[in-house]
Amino acid sequence: MTVLTNHPELWHISIYELSLRILISILLGGIIGWERERGQHPAGFRTHILVCVGSTLITLTSIYGFAQFAYETNVRMDPARLAAQVVSGIGFLGAGTIMRHGGNVSGLTTAASLWVVAAIGIGTGAGFYYASALTTVIVFVSLFILNIIEKKWLRAGRKEEYSILLDEDGDIEAFFRFLSDEHIAIHSMKVERSRAESVIQIDFVVKNGKREVKEKLASMVAGKPGFLNVEVNRTFQS
C-alpha cells in the first residue's frame, strides 16, 4: 500500500487526458478503417473506430475505473484484467468477417485488422501513444502500400479454378468461342458428362485470375441458354 499512498495519481486520470486518449483512438482506428472501407471490406470505417474506441474505454475503465477501491486493505488491483478480455473477445467479431466460398477463404485480413485495431485501442487507453501511432502506420502501409505491390507483382502467378455447369441445351462450342473472344488464357481443362442428370461440368484453370474474368463468366452464364452456373473452386499460386 506504500506505493498507492505515495503516488495516488497512479489510479486517477484527468478529464483532459481521458478525452485525449479517446480522441486519439478515434483517429488511429479511423485511419485503418478508411483503408478497409475503400476496399469495400465487411468491416469498414465505422466498425474499426468502434472497436478502437471500445478497447480504449475498456482499458481506461480497467486502470482508472475502480480507483475508489485502491486504498482498501483487502482489495488487490489488477489494471490489466478487463483489458485482457478484449484480446479474446475481439475474436468473435473477427470470425464474422471470414467467409468461405468453395475453396476460397476471404476476410482473414479484415479479421486481423480488427484484432490489431483492438490492440491499438488498448495501447492508446494505457497511454502508449507512440507505440499505438507507430503500429497504425505499419498496419496502414501493410494494408494499403503492400496491397498495391502484391497485386502488381506477387500475384502474377496466381491461378483460379472454375466450374461451369451446362444442361443438354448448352453449347460447348459457344463456351470455347467465348474464351477465345475474351482472350481468357486457360491453363488446363476437364470435361465431365453426367448421363443420369444430363449435365455437363467443365472444370478449367485460368492464369492470372482477375475480377474481370469472374464478371465476364457470370455475364456469359446469364446471357446464354443452357448454362446453369459458374463458380470459383479455389485460388492458388503456380
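Cβ coordinates are placed from backbone N, Cα and C, and glycine is handled just like the others.
Feature annotation from TrEMBL assigns domain 'MgtC/SapB/SrpB/YhiD N-terminal' to 22-151. Summarising the annotation, TrEMBL assigns transmembrane segment to 13-33, 45-67, 79-98, 105-122, 128-149.
The average pLDDT computed for the domain 'MgtC/SapB/SrpB/YhiD N-terminal' (22-151) is 83. Residues 41-43, 51, 54-55, 58-59, 61-63, 105-108, 110-112, 114-115, 118-119, 121-122, 125-126 of the same chain lie 6 or more positions beyond the ends of the transmembrane segment (79-98) yet place their CB under 8 Å from a CB of it. Long-range neighbours of the transmembrane segment (105-122) within the same chain, counting only residues 6 or more positions beyond its ends whose Cβ lies under 8 Å from a Cβ of the stretch, are 25, 28-29, 32-33, 36, 41-43, 47-48, 51-56, 58-59, 83, 86-87, 90-91, 93-95, 97-99, 132, 135-136, 139, 143. Secondary structure of the domain 'MgtC/SapB/SrpB/YhiD N-terminal' (22-151), assigned with DSSP and counted as helix (H, G, I), strand (E, B) and coil, comes to 96 helix, 6 strand, 28 coil. Counting only same-chain residues 6+ beyond the ends of the transmembrane segment (13-33), those with a CB under 8 A from a CB of the stretch are 43-53, 55-57, 60, 63-64, 113, 116-117, 120-121, 124-125, 127, 129, 132-133, 136, 139-140, 143.
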